[in-house]
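Engineer: For reference, Swiss-Prot lists these features for the protein:
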BINDING   S41, G43, K44, S45, S46, R59, G60, K206, D208, D211, N236, R237, Q239  GDP binding site
DOMAIN    659-750  domain 'GED'
MOD_RES   S306  phosphoserine
MOD_RES   S347  phosphoserine
MOD_RES   S512  phosphoserine
MOD_RES   S774  phosphoserine
MOD_RES   S778  phosphoserine
MOD_RES   S822  phosphoserine
REGION    38-45  region 'G1 motif'
REGION    136-139  region 'G3 motif'
REGION    205-208  region 'G4 motif'
REGION    235-238  region 'G5 motif'
REGION    750-856  region 'Disordered'
Amino acid sequence: MGNRGMEDLIPLVNRLQDAFSAIGQNADLDLPQIAVVGGQSAGKSSVLENFVGRDFLPRGSGIVTRRPLVLQLVNATTEYAEFLHCKGKKFTDFEEVRLEIEAETDRVTGTNKGISPVPINLRVYSPHVLNLTLVDLPGMTKVPVGDQPPDIEFQIRDMLMQFVTKENCLILAVSPANSDLANSDALKVAKEVDPQGQRTIGVITKLDLMDEGTDARDVLENKLLPLRRGYIGVVNRSQKDIDGKKDITAALAAERKFFLSHPSYRHLADRMGTPYLQKVLNQQLTNHIRDTLPGLRNKLQSQLLSIEKEVEEYKNFRPDDPARKTKALLQMVQQFAVDFEKRIEGSGDQIDTYELSGGARINRIFHERFPFELVKMEFDEKELRREISYAIKNIHGIRTGLFTPDLAFEATVKKQVQKLKEPSIKCVDMVVSELTATIRKCSEKLQQYPRLREEMERIVTTHIREREGRTKEQVMLLIDIELAYMNTNHEDFIGFANAQQRSNQMNKKKASGNQDEILVIRKGWLTINNIGIMKGGSKEYWFVLTAENLSWYKDDEEKEKKYMLSVDNLKLRDVEKGFMSSKHIFALFNTEQRNVYKDYRQLELACETQEEVDSWKASFLRAGVYPERVGDKEKASETEENGSDSFMHSMDPQLERQVETIRNLVDSYMAIVNKTVRDLMPKTIMHLMINNTKEFIFSELLANLYSCGDQNTLMEESAEQAQRRDEMLRMYHALKEALSIIGDINTTTVSTPMPPPVDDSWLQVQSVPTGRRSPTSSPTPQRRAPAVPPARPGSRGPAPGPPPAGSALGGAPPVPSRPGASPDPFGPPPQVPSRPNRAPPGVPSQPIGSGKSIPS
């Protein structure tokens, strides 16, 4: 491989794999690895057991591998195995390894043949292995067998995709030679996720089970059905061999003998078999790790940056420091106070861009919700006139009055002012609710100290409740002050002299019409909900609201006006959301029981959020469109019953004139009261509740916490937080160490280019059968070459393969005694398994004694 650093690459990734698997970050990091993919009977498990030289994988009928097995092979002087979930325990008996795999599988999936994507990490140390990391995945199947779930095919496919879709995962596609290779499940999956073939390595098993007269020579030479990284053939133990306890050492010797003696494969013998496959995978994985090092390093750096800020507070953590808890308590209280102030004042460093929070929500209560609640409690026009007429008549008593009595004005105003108490109390309740939510939000940073968080929330919430009572008393006092004295000398009050004059002016204005430019109150998108039902769905229009009318256009350019609706006699009502609707709806209707728009009694308008609805309602209030009150229908029926009174009132011109005068006076005075209440309510709540709570947190919260009792109990750390801190610190140090190692290796290695692309269109056509010799015209960029061929297109430097003796004239090259005798596959020239031998086709079949040795 060129240097020692490259040899350390696979152990490095193994260490990363263990470290990040332990803290649940493996999927995010996407470490380089080899995923073994194939059908249920393709021979995947046998290939892995041949690598290790031991029987250690579960066997049986149906689906046996039900969880991914991350198999980490480490070259060492002693032979043993370790599981990540059994840290510190060494397994020297590989039968125990098999039982532990089965037990660990059942612990997660149960015993009902279910599957799980949670991997089992197994590390095998042995002098007979090369450094390698593979992931054994469940075999693909089409039909459920026994008690397998009906959708087992899709479950397994989903699990495979979780691994093979990662760019850093090499795919070991295992296919049996005795079935149609063009229909191989493994190659189909590989083609789907790796269309360029840059990550796929082909393995052909069961070469000894092919029909007589057939072979896979052209496939192994990468002429038929070529892959970019080529194919390697292996011969595994048969079921009879397994039942007969034939050991893997003998099986490897038999495999070697098979390739040396078979006339179709003997010229490829040095590039076939399990030992050679292991070497190639070691080289391919090493090269792949080196190629992915820059991307891996970038990911590690980004993860390190993302946790560095959080780890900063843990770095200097000293659990045995006696002053630690006191310092932490002071810091937590100070942080809580600062967060609360920032959330209320709106200068927080973490600004929510999705919804209103903290002070912004309280601001909306003050300036949208509270005015809306005030107007909801305002008088109904017809009802008010009827009350005024009764008040005037009752004040005059038996006499017929000549003048408009001011007592009627005072009685009516007091009744209207009294109604302001309910929305004022509701405003306080809404602010208390928002303050409590803000306290909970601010205390989220205290989750590492659950007792402290609980106690702090309790103390502050109790204080808010105390201030709530005081604030409500003050609010009631404000309303009572308004009731105590009617200031008819107020500069904004029109007075008796101007009341009639104003009434006349209003009548003239209505008669002449407003010719001046009308002030626009609001513009925005609204969906007309009910009209679109008959026309294929609701539609969105651009609405423009003024004091006189409501218009809507096709778009916000306001060129194509769809309709204009007068706001006179309009009212608002809420509409319940539909079963499948996510929009919030309100409706406009006419108080005189007329159609609002064409044949529709009401116009339903929809918004995306409740905040938008509230904002539109507040805008309609400014235009004089008030919400419907609960008792409107009953009052309407009462008005109909008392219709004779109304007619009688209207028949008396003097009474009608007096009612109009009082009506104008009440309207003028209530406007003053409303303005005063709307101005003083936020100020009262701010002073008595919000600012007071802020001062309490800054000055008294710490003293209250100290008086609660034992500070050690208060500052007990949650088990989850302690575990999280340990995990974050472990991850932080693992990331730093990994970056250090990667940095050293990346600067001392030489890049090896990828094998050239091949014609893999056969994976899409899937019409060529395997198992038969292909004609020499099979689509491939490679052909058999003479003994000393010139450099071919696509070659890169000296060709790998057998020793130079293979180029001797006339005779066949001597077959190396074992795969290890071939040139070092980790040398500078790339080892491309798909390249055929340069030896002449005719190879004598005399036995070679040196081919009997077994790789150690």
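Every residue gets a Cβ built from N, Cα and C, even glycine.
A quick note: this is a predicted structure, and the numbers were derived from the prediction, not measured.
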Engineer: Only counting partners 6 or more residues apart, tell me which same-chain residues put their Cβ under 8 Å from the Cβ of S306 (phosphoserine).
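Structural biologist: When sequence neighbours closer than 6 are ignored, S306 (phosphoserine) has nothing within Cβ distance under 8 Å.
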Engineer: Report, as numbers and ranges, every residue of the chain located at least six residues beyond the region 'G1 motif' (38-45) whose Cβ falls under 8 Å of a Cβ in that stretch; write 'none' if there are none.
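Structural biologist: Residues 57, 59, 62-65, 136-137, 139-141, 173-176, 184-186, 205-206, 234, 236.
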Engineer: Counting only residues 6+ away in sequence within the same chain, which have a CB under 8 Å from the CB of K44 (GDP binding site)?
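Structural biologist: Within the chain, K44 (GDP binding site) has Cβ neighbours under 8 Å at V36, V37, G38, T65, D136, L137, G139, V174.
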Engineer: Any idea what DSSP makes of S41 (GDP binding site), helix, strand or coil?
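Structural biologist: DSSP assigns S41 (GDP binding site) to coil.
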Engineer: Measuring Cα to Cα, how many angstrom lie between S46 (GDP binding site) and S347 (phosphoserine)?
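Structural biologist: Distance between the two Cα atoms comes out at 64 Å.
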Engineer: Taking the Cβ of S46 (GDP binding site) as centre, how many other Cβ atoms lie within 10 Å?
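Structural biologist: Result for S46 (GDP binding site): 25 other Cβ atoms within 10 Å.
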Engineer: Other than its own, how many Cβ atoms are within 10 Å of the Cβ belonging to S347 (phosphoserine)?
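Structural biologist: So the Cβ neighbour count for S347 (phosphoserine) comes to 10.
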Engineer: For the binding-site residues listed here (N236, Q239), which one has the lowest count of neighbouring CB atoms within 10 Å of its own CB?
Structural biologist: Q239
Engineer: For S347 (phosphoserine), just give me the three-state DSSP call.
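Structural biologist: S347 (phosphoserine) sits in coil per DSSP, no helix or strand.
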Engineer: Give the sequence-ordered list of residues that share a chain with D208 (GDP binding site), lie 6 or more positions from it, and have CB atoms under 8 Å from its CB.
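Structural biologist: Non-local contacts for D208 (GDP binding site): V235, F258.
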Engineer: Can you count helix, strand and coil residues in the region 'G5 motif' (235-238) using DSSP?
Structural biologist: 0 helix, 0 strand, 4 coil
Engineer: I'd like to confirm something. Which of the binding-site residues, S41, N236, Q239, has a Cα closest to the Cα of S347 (phosphoserine)?
Structural biologist: S41
Engineer: Applying a 10 Å Cβ distance cut-off over all chains shown, what neighbour count does S41 (GDP binding site) have?
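Structural biologist: Excluding its own Cβ, S41 (GDP binding site) sees 12 Cβ atoms within 10 Å.
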Engineer: Take every residue in the region 'G3 motif' (136-139), average their pLDDT values, and give the whole-number result.
Structural biologist: 85
